[in-house]
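Going by TrEMBL, these are the annotated features:
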- 293-466: domain 'Peptidase M48' (DOMAIN)
- 12-32: transmembrane segment (TRANSMEM)
- 103-130: transmembrane segment (TRANSMEM)
- 151-179: transmembrane segment (TRANSMEM)
- 191-211: transmembrane segment (TRANSMEM)
- 543-564: transmembrane segment (TRANSMEM)
- 584-605: transmembrane segment (TRANSMEM)
Amino acid sequence: MTVAPSQTSLVRLAGLMVAVPVALLAFGLWQVPVVGHDVAQRVRMVQGFDREVGQIGAVVTRDPHTVLTFRDGRRLAAPDALALVRGARDRTGGRVVMARIRFGFTVLAVVAGLVALIAGLAGWLVAAALKFGSVVSRERLVMVAALTRRTLPAVLGVQYVAIALGVTGVVFSLVMALFSDPGAILDDPRPLILAIALAGVLLAAAWKILLRLRAAFSLFAAEPYPLLARELADADAPGLWALVRDAAQRQAALAPDHIVVGVTDGFHVTSGGVRLLPEERVIEGRTLHVPLTTLSLLGREETLAVIGHELAHFAGEDTVYSLRFLPTYASLHRSALAMMVAQRRPPRTLVLLPGLALSLFVTACFDEAVSHWSRQRELQADRAGAALVTPLHAGSALIRIAASDDLTTSVLRDDAARPMADAPHLIEILSRRMAAFGVPAADGHLQKRQPHPTDRHPPVSVRLESMGVVPDEALLSMARRPVGDAETAFIAALFADLPELCTQLSVDFRAKVAADNNAINTALAAKAAEVDGTETVYYEQPVLICVAYGALALLALLVGAGYLYLGFTPPVTGTAGSSATSMFAFGGVMLSLGLYGSYTVFNLLRDRAAPFLILRPEGFASAGLEGKIDWLAVRHVRLNHNRTTCIVTVFLRPDAPEPPLARRHRRLKWLAKPHALRLRCKMIVTPKRNRMLSETIDRYVRAAYARAALRERGVEGV
């Protein structure tokens with residue numbers, strides 16, 4: 001569910017769009033005069049040294065034995081004084097170079113901040129135009145969407161690069177201030193290396209997000225969506241084609257290029273590609289899908305109202321809306337997703353935050369506009385369909401379809417669960433069930449929404465109100481009437497050979513169910529085969545840890561014993577009287593630590609032969625755990641580790657019993673609050689070893705659930 005953007009969120013977006021650029025701009029404007037003054041001062045110093053070099057050089061030329069006296073009282077021979085001044089000039093020249101480099105990075109921060117600010121304001125203006133213009137009309141929405149598609153990638157790309165360059169300028173400006181001259185870089189290059197690494201991360205993030213934006217905003221070519229249906233030519237359904245063309249002519253709408261009939265999806269139209277199953281044939285152009293299951297329950301006027309509703313989407317602005325706006329809408333969602341995936345690390349967060357906020361706001365505006373206009377277009381289509389017949393018949397069709405949807409779904413579900421080779425076709429099964437149970441109570445489905453593969457319809461009650469229909473007893477009685485001879489004769493007149501069509505669609509449905517079941521069983525069998533009948537056993541590996549703990553424990557014992565010995569010896573003359581007490585206290589603490597460390601080493605060595613974790617196909621066990629815990633009782637497993645400890649936390653299902661622990665064991669601990677068992681193991685843990693253990697446990701869990709699913713599906717031999 002997307003929250004509709006408000007004016008407050010628009011103001012918040014403005015703050016996010018300009019906050020980082022303003023910060024970069026403020027830093028640059030603050031530092032430019034400071035660094036510029038430093039550069040000018042050092043240039044004047046170099047010029048002063050140049051004059052002194054010229055003067056001293058003239059003295060050396062006249063008399064190299066001349067002794068010069070400096071202001072600080074030093075006296076040097078003219079050649080030595082010349083070398084000293086030249087060295088000072090060269091060092092100051094190096095500092096001028098460093099200051100100019102720093103000034104360049106500061107100017108970069110100013111320029112990048114200004115560019116990012118302009119891009120941010122442009123993006124904010126696009127967002128504001130979208131917010132206030134997308135709900136004026138669908139024509140305005142299409143226009144704003146086209147504007148957004150042209151400008152948003154450029155705005156986001158420019159701002160990403162500008163912020164990355166601006167932050168780079170700030171970082172290098174601060175780092176260059178640490179070095180007085182180029183030689184200082186060689187003395188401690190770590191700050192410069194860190195700055196280069198950070199700049200590389202920022203620029204790489206900007207480059208990657210530019211590539212993602214280019215892919216996200218590329219021309220959207222929608223894949224043909226799969227549909228279990230058969231295409232009918234004029235000769236296959238002359239009555240249906242005549243009914244559809246008559247409805248299109250009366251509405252001044254475009255007639256469909258294709259009519260396809262199925263049993264699973266509802267009435268709908270599309271202008272995109274459709275991949276027909278099981279033929280695997282793609283059709284392009286305007287397509288009308290007619291569900292034979294639902295059609296068998298409707299009369300002529302109700303069918304005409306429904307078809308009129310669908311054909312209304314081929315009239316007026318709907319075609320332009322579908323062909324021009326929806327690709328842009330899909331591109332925006334992909335761009336927002338790309339940025340959310342890219343924003344994972346703090347440097348990237350700084351670069352991506354303004355653009356991500358803009359993309360999410362624009363997407364929310366489009367979501368709000370799509371919801372608004374989808375509702376309007378569906379209500380307009382309802383009124384167009386009702387105009388072909390009467391509002392009463394249109395309302396009856398809406399309620400009847402909504403009320404019978406659960407019954408139709410149950411027929412398909414039951415047939416898929418218990419396929420029978422000699423079963424009658426689905427329409428006959430539906431007719432029998434309808435005759436046995438009747439249409440469900442219609443008044444209980446007024447808040448129901450008609451399912452649709454690409455859109456979201458308003459509730460039935462809202463659609464009835466839009467057509468001016470009151471759901472009174474007359475309407476409800478019409479909607480829940482049994483299927484009679486009129487409906488049977490009407491549907492038979494639409495098709496050249498209705499029984500053959502019903503049989504063909506039923507065969508297609510059952511073949512699709514069988515293929516899906518085989519694919520699911522194959523995938524589950526592959527998961528189950530990841531674990532064979534053998535078990536995997538893990539032991540603690542405490543040898544190195546025991547050596548380290550033992551050495552520390554021995555050191556603590558020796559230090560504690562030494563302090564206790566010193567505490568018992570007579571105090572040295574002149575020492576404080578409390579020194580013996582302090583030695584006893586410190587010695588006791590060290591002895592306690594040494595004894596505790598020794599006890600820990602003893603426990604580790606004692607338990608090293610007992611398995612820490614035993615992974616079996618049906619469950620896992622551990623030393624100190626009575627029996628085993630079945631994998632089907634496990635919700636998920638979490639692994640944590642430090643350098644010397646691996647912690648496996650097994651979260652059980654709420655209905656799983658508390659596992660019995662054989663005795664108090666240092667490895668095991670039951671956590672009642674999260675209903676989990678925690679296992680601790682002492683070993684030298686590396687990220688690779690931790691990842692391998694996690695993958696192994698996940699493989700056992702997946703295999704156990706796959707075997708259970710196969711058993712539920714009646715597959716033998718698992």
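Any Cβ shown, glycine's included, is placed from N, Cα and C.
Take the transmembrane segment (151-179) and the stretches 12-32, 103-130, 543-564, 584-605: counting Cβ pairs under 8 Å, 103-130 has the most. Proximity of distant same-chain residues to the transmembrane segment (584-605), defined by a Cβ-Cβ separation under 8 Å and at least 6 residues beyond the stretch ends, is recorded for 540, 542, 545-546, 549-550, 552-564, 566-567, 666, 682. If one looks beyond the transmembrane segment (12-32) by at least 6 residues along the same chain, the residues whose Cβ comes under 8 Å of a Cβ in the stretch are 103, 106-107, 109-114, 116-117, 119-121, 123-124, 127, 159, 162-163, 166-167, 169-170, 173, 350, 353-354, 357-358, 361.
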